[in-house]
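> Could you have a look at this structure, given as structure tokens, before my questions?
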Amino acid sequence: MPISTKSSFYLPAVDISPYLQDPNSDAARKVIDDVRAACTSTGFFQLLGHGISPALQQSVFAAAAKFFALPSDVKSRCRNVGFRGYDPMASQSYELGVLPDLKEGFIAGKDIPLDDPRVASQRFFMGQNAWPPSELLPEANFRRPIEEYYQAMLKLCWVVLDLVAATLPYGPHVFDEFKENDPACPLRLLHYPPAPAPDVAKGRQLGSSAHTDFGAITLLLQDDHSGLEVQDCETGEWIGVPPNKDAYVVNLGDMMSRITRGHYKSSIHRVINQNLTDRYSVVFFFDGNLDYRLRPLDRVGQNWDEEDTLTVEEHMLERTTTTYNLKVK
């Protein structure tokens, strides 16, 4: 299907500053209504008024560029158990019939002590970050800005979860259990080299092949290069999402769709870097409490067969391991 920037696809820009100033005001209710409309139509919206400083954002982009410029053997040593550290180029694919994704990544999160039983049992995303040697990439140029940005994004994520909770009829504490127990919240730096034009034309090479996000909520910061496309489920068109330096692209993932019985959407999207230069993005994922069971929110507190309901960890392991094992056919 062709790529379009004009479509009925609903991708609003929502300024949340009125909600932050007074969540009970008329202006805040308009914000809540706009977010609800986005959640029920496409699951995508652009977030403005978030309070994350441009200087902090740029420091993370600069850190990413420095890391990905390191020699391959150095990057490859920055790997750890629990989906932390370096993700090599072309190591992942979400689709059959295409080449492996033309991207590399670096994943960080909250450091969990090595003597924690969850680390010893190698539970999903439980472990230590895998930083590059400080003599090759000083902490001031990489680790510190990443850690500062991570804390800022964690706070913003709680705001977004509270805002989504306000769009639902289950009260302000509906996600409290979801957020407990050191929730898995991966921060992923991504580098997309320019894609070879012939392979792009054949539909064989993408930076990130078509997929829905696995978790509950995604907060995406794009650089000034285009590449993100979302599929209109009604027409099949791919809709380009132009970069906006002031906005985060927020989208709901499969978990949120699941617990709302599909009322809130998790849309298919992809990345193709057809620019002549490298593209970078920084993505914060809220995957949640590993032991949380993904039951419908309208059944919370009622009788429900818990044994037949996947936990967050079971869901994430199933989806994540699959994407690293797909082969081109």
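Just so it is clear, glycine is given a Cβ too, placed from its N, Cα and C backbone atoms.
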> His211, Asp213 bind Fe cation according to Swiss-Prot; which of His50, His269, His315 goes with them?
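Swiss-Prot lists His211, Asp213 binding Fe cation, and from His50, His269, His315 it also lists His269.
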> So for Asp213 (Fe cation binding site), how many other CB atoms are inside 10 Å of its CB?
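For Asp213 (Fe cation binding site), the 10 Å Cβ neighbour count is 25.
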> Same chain, not part of His211, Asp213, His269: whose C-beta falls within 8 angstroms of the C-beta centre of the Fe cation site? Give them in sequence order.
Tyr94, Ser208, Ala210, Thr212, Thr218, Asn251, Gly253, Ser266, Ser267, Ile268, Arg270
> Around His211 (Fe cation binding site), how many other CB atoms lie within 10 A of its CB?
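Its Cβ has 20 other Cβ atoms within 10 Å.
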> Rounded to the nearest Å, what's the C-alpha distance separating Arg279 (2-oxoglutarate binding site) and Asp213 (Fe cation binding site)? Just drop the number here, would you?
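The Cα atom of Arg279 (2-oxoglutarate binding site) is 20 Å away from the Cα atom of Asp213 (Fe cation binding site).
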